[in-house]
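Annotated features, as they stand in Swiss-Prot:
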TOPO_DOM  1-36  topological domain 'Extracellular'
CARBOHYD  Asn2  N-linked glycosylation site
CARBOHYD  Asn15  N-linked glycosylation site
TRANSMEM  37-61  transmembrane segment
TOPO_DOM  62-73  topological domain 'Cytoplasmic'
TRANSMEM  74-98  transmembrane segment
TOPO_DOM  99-113  topological domain 'Extracellular'
DISULFID  Cys110-Cys187  disulfide bond
TRANSMEM  114-133  transmembrane segment
TOPO_DOM  134-152  topological domain 'Cytoplasmic'
TRANSMEM  153-176  transmembrane segment
TOPO_DOM  177-202  topological domain 'Extracellular'
CARBOHYD  Asn200  N-linked glycosylation site
TRANSMEM  203-230  transmembrane segment
TOPO_DOM  231-252  topological domain 'Cytoplasmic'
TRANSMEM  253-276  transmembrane segment
TOPO_DOM  277-284  topological domain 'Extracellular'
TRANSMEM  285-309  transmembrane segment
TOPO_DOM  310-352  topological domain 'Cytoplasmic'
REGION    330-352  region 'Disordered'
COMPBIAS  334-352  compositional bias 'Low complexity'
Amino acid sequence: MNGTEGPNFYVPMSNVTGVVRSPFEYPQYYLAEPWAYSALAAYMFFLIIAGFPINFLTLYVTIEHKKLRTPLNYILLNLAVADLFMVFGGFTTTMYTSMHGYFVFGPTGCNIEGFFATLGGEIALWCLVVLAVERWMVVCKPMSNFRFGENHAIMGVAFTWVMALACAAPPLFGWSRYIPEGMQCSCGMDHYAPNPETYNESFVIYMFICHFTIPLTVISFCYGRLVCTVKEATAQQQESETTQRAEREVTRMVIIMVISFLVCWVPYASVAWYIFTHQGSSFGPIFMTIPAFFAKSSSLYNPLIYICMNKQSRNCMITTLCCGKNPFEEEEGASTTASKTEASSVSSVSPA
């Protein structure tokens, strides 16, 4: 084995020289230079100061503005709540441990940090599944009388939490375990060694099938059908131009969220699967650290995409930040009025 396994850890370095120590008790500066740990701490600090305000504002603005309380936005708000869980339960812990060069909070803290990181990532994934199914039902109309309402949204939110807990909770109760990974200052599921006592192999297979492959398959199917339907509707002009434009904007926003999720999480999942299928092979701590920390940036992109690509939510956000007045909205209103007046003048002129 090219690593050192302990009661609650696996350090990706052989202990032939005797330098490997428990990541819960000693700094791990034999794995990387101290400046690398400082860089990780600075990165986590950035995610905290950027992730908390934008996710909190997303929640606050939606609660303050009644017109934003639509069923679809329930799912998007659920994403913001999950991101806040990651910020408070995971990022603050990881920043502090990175500053010290090892996981100072012990196995219990590792369980907490790993649980919140996994829970947030899984809620995001299952939210995207619910959004994909919603888009498929609304645009493709497999059920002609279906209308996505408040009850559907509440059930969708509950579903995301149940599925996320089904993935994040088992390691807390003995099916697999959370251990420090990479440079040993953040925690994730154990896919490094078989460990028959915690049934690691069966859990990793269950996780990759039920909580990664299946949801991505559902998302791919829904958007595959959706793209075909949108093309057909555009060609046949079955819907009004305004309706088509609105559906396209929402669909585009959700698709970009899916792509962003894949960009953030597929590298981490791919590296984890590689390590699982090549247990005992040699790999450096940076090999797992970079994709693991990159995946944490997912707490930023969902609210940014939602705000940037949704004009109504963007205007409400600006109104809230500007103490109840949106200066940009006035300019837009003036230009819209001017264009309408011009159009009216043109239409009133009789042909020569």
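Every residue, even glycine, has its Cβ placed from backbone N, Cα and C.
Computed from a predicted structure; not experimentally measured.
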Find the member of 74-98, 153-176, 285-309 that has more C-beta pairs under 8 Å to the transmembrane segment (203-230) than any other listed stretch.
153-176
Do any residues, 6 or more residues outside the topological domain 'Extracellular' (1-36), come within under 8 Å Cβ-to-Cβ of it, and if so which ones?
100-104, 106-107, 110, 177, 179-180, 182-185, 190, 192-193, 195, 280-289
Across every protein chain in view, the count of C-beta atoms other than its own within 10 A of the C-beta of Asn15 (N-linked glycosylation site) is 14
The rounded CA-CA distance in Å from Asn200 (N-linked glycosylation site) to Cys110 (disulfide bond) is 17
Quick one: which of these recorded positions, Asn15, Cys110, Cys187, have their CA within 10 A of Asn2 (N-linked glycosylation site)?
Asn15
Intrachain neighbours beyond the topological domain 'Cytoplasmic' (134-152), with Cβ under 8 angstroms and 6 or more residues off its ends
71-72, 74-75, 221-223, 225-226, 229-230, 233, 247, 250-251, 254
At 10 angstroms around each C-beta, which of the disulfide-bonded residues Cys110, Cys187 has the fewest other C-beta atoms nearby?
Cys110
Between the C-alpha atoms of Cys110 (disulfide bond) and Asn15 (N-linked glycosylation site), the distance in angstrom, to the nearest integer, is 22
